[in-house]
Each structure stands twice: as structure tokens, then as C-alpha cells.
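**Q** Sharing a structure, written as C-alpha cells. Questions coming.
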């Protein structure tokens, strides 16, 4: 079985239907080779070919519709050369703009209908010569038109491919069909329901777009509400942190007051110690005791600062407002050790005052005592000399 391209079958089916209705042209392919398509033309009205029947063949290329076909005439017409069937494969047939003689004018949009329509118009123009064309008088053409019926009645390919036409010709019942009586191809125009369907589709699409827009508006409003909630949460967190800062500031002020009172008491105690004769020994003992107390105080300060840092990290990581409020209660308790942190700073400053001021006073007191003793010794010596 021969492999036939879909385009070949389509062109044959379209040609068999449309050409017969419009021009009275019969069309049929060979059973063994669909690339050999036979046709029978009726002589056009008002021409010397009127009343005649003309058998021909179109040989399609294997790569149809990308290359033009060849066209051959089998029935003598007085206009083109006639060939005997079977036609030689080396024959190029008749020269037309739609055959292999002019491949530059061929396009893949051409089909069997365009080839045969062009051939009919060329047949009616006796002055257009070319390869395969024959010059004949009108009387010769008319005589060949009458003889064409007997030729068709003896053609075996016509009997095989067009049996109804073959019987009508041999029985004498064949009547040529006038082109004016042939029904034209009716092209269907779009009806109103199609327009209504289109409008319905457009309305559906518009409703879909409106639904999408509503969904987008809802999503936008939800996003705005979520952003507002986040802002309120952040504001509440910032307020809570501000409250914590206020608590820490209050504790700092209390620690400063206590440090001032402790410094005054230490200054008084330092002054009483400096008036004693063993000031130097007491000062060394005080310094050692103070250094020991400072070292002891610094240890809990470090621990307390670590606790505060942990509590602050916990409060920053928690987003809900309730958890932040609970962090307040936890952070207020470790604020007490912060007093010791700032008292240590104040003790350092007081240390310098202790080490400087008492030493000067002691030195001055000692110098005063020495001067007084020296003066008393001198006065005693002078009194002794006076007595002598």
C-alpha cells in the first residue's frame, strides 16, 4: 500500500467536490497511485470547445505541495498536444504557470483547484503559446469537440474511474452542463448565536477579573491589618522596654544616694583614724581592708551583670505583650545587685580621696608637732642660757 501525504488526500477530496459544482469538472485519482489524478473537462460555453469532453491527468510530485506538478492531455482538443496513456514518466506535459515549467511561481498554497482553473482559462486563449500548445482553426476545434465524445466512450481509464459518465456517453444520455446552471459554492457567514457566545465569554471573563480584583482587595486589607497588629505589638514592646529603663534609672539614683552617704561616713571614719598617732599603720591596714572589700564586692557585681544581660535577651526575644510584662517582674528583682555595681565605682573615687587628703593632713599635723616640739626645746634652751 502506497504512503500518501495527508495534503494530497485533502486536495483530492476538496477538488472532487468544489470543481464539479463550480465548473462541471470531474476529478478522481488512480486506485494504485494517488499521485496520478485524472480529470475530465467540459468545453466552456461560447467557445469552439463547447459540447466537448476532454480527458487529462495531473501527476503530482512525491513532495507535494512543495513542488509543482505536471499536467498532461489525453483527449485531442486542437489546443494542446495529446499523449497516449500510460504517459511516459519523462514527459513534462504542458507549460503553464502552475506546472513544473515555472517552479518560481509555485507556492505550497496552490492545489488541484488552482491548477485546473488556470488551465481552463489558458485553454480559451488561442494566442497564448508555449510548450505543448497547438494552433488550430475554430472549425477544427469544433470538429474535435464532437469527436471527443466517441474518444471518451472508448477510454478504459474513464470507464474505470468515471463509470457513470462513461455509461451516459455510450448510451447517448449525456447532456453538457452549462456553467450558469451550476450551483455556486455557498460560504457560510457567522450567525448571531456565535456573537452571543462571544459576548457570554467576555462577560464570564469580566466576572472572573472582578472576582480576582475582589480577592486582591481582600488580601491587601488583610496585609494592612497584619501590619497594624505588628506595629501595635512593636509599640507595646517599646513601651515595656521604656518602663524597664525607668526602673533601672530609679535604682541607679537610689544607689547614687547610698554611695554618697557611704562616702561621707567613710570620710568621717577616715578623719578620726588620721588623728591617731599610729596613722601610717592604720592607713596601710585600711587600704588592705578596702582592697579586700572591693575584691569581694566586685565578684557579686559580675554575677549580677550577667543575670541582667540574660533577662534583657529574654525580654527582647519575646514578642507577646504578656511575656514582656512577666519579664518586668523578673528584672526588678536583680536590679538590687546593681546598687553594688555603682557603689563600687563610688568607692574607687572615695579611695583616691582617702589616700590623698588624710596623708596631707597627717603630714601637716606631724610637721606641726615637730615644729612645736622644736620650738619648745629652743625656748627651754634660751631660758637656760638666760639663767646662766
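Cβ atoms here come from the backbone N, Cα and C positions, even for glycine.
Just lifted these from Swiss-Prot, have a look:
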ACT_SITE  95  active site, glycyl thioester intermediate
COMPBIAS  221-238  compositional bias 'Acidic residues'
COMPBIAS  246-297  compositional bias 'Acidic residues'
COMPBIAS  310-388  compositional bias 'Low complexity'
DOMAIN    3-162  domain 'UBC core'
REGION    195-388  region 'Disordered'
**Q** May I ask which residues of the same chain, at least 6 positions away in sequence, place their Cβ under 8 angstroms from the Cβ of the residue listed as 'active site, glycyl thioester intermediate'?
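**A** Counting only residues 6 or more apart in sequence, the Cβ neighbours of the residue listed as 'active site, glycyl thioester intermediate' under 8 Å are 101, 102, 130, 131, 132, 133.
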**Q** If I take every residue in the domain 'UBC core' (3-162) and average their pLDDT values, what number comes out?
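**A** Looking only at the domain 'UBC core' (3-162), pLDDT averages out to 94.
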**Q** So, in DSSP terms, is the residue listed as 'active site, glycyl thioester intermediate' helix, strand, or coil?
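**A** The three-state answer is coil.
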